[in-house]
């Protein structure tokens, strides 16, 4: 059976709703974020039936909170969830907890570049994050499916590594909190958990 890797982003957080940058800092899931996690778990369950897998979450609290909701939905023991620090979000240095609108006041053209996050003073570089994500991927079991609950930017790095994408193509990937990705043999499937204003789950 060919291995599948499921890549999920944490649900919406308070800082997401307030348009504040997070990086390594944390804020709790909103009611919307919890509903997103529940919907992802509902859809994920059908894809995992009959398959052997291991679940990982970034060690940041918002990813763990999302993963716990998913664990309840798919019937995976929370005690078996691996908290993996190498799956943490990019550090955004001095920009963490800062409202995006404040940054745009200072740098009106900030969002013109898709990799604008890398301009954060004292933040992590792309190479640093790629190295730690790749190191984890090399060590992860190759005989099991992997369910990975991480972050927007770390998630696109992981998807890029699995799909062999260029740097520029990685930064064109989307960062949904209402969908997840299944990667198998270098091909990707997007599973939407949201439709016509309603979550496709309980």
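The backbone N, Cα and C atoms fix where each Cβ goes, glycine too.
Listed by TrEMBL as binding substrate are 9, 10, 11, 12, 13, 14, 15, 16; the candidate from 54, 62, 86 that the record includes in that site is 62. Surrounding the centroid of the Cβ atoms of 9, 10, 11, 12, 13, 14, 15, 16, 62, where the record places substrate, the chain contributes additional residues within 8 Å, namely 17, 22, 27, 29, 30, 33, 66, 177. According to its DSSP assignment, residue 15 (substrate binding site) is helical. Ranking the recorded positions 10, 62 by C-beta neighbours within 10 Å puts 10 at the top. DSSP classifies residue 62 (substrate binding site) as helix under the three-state reduction.
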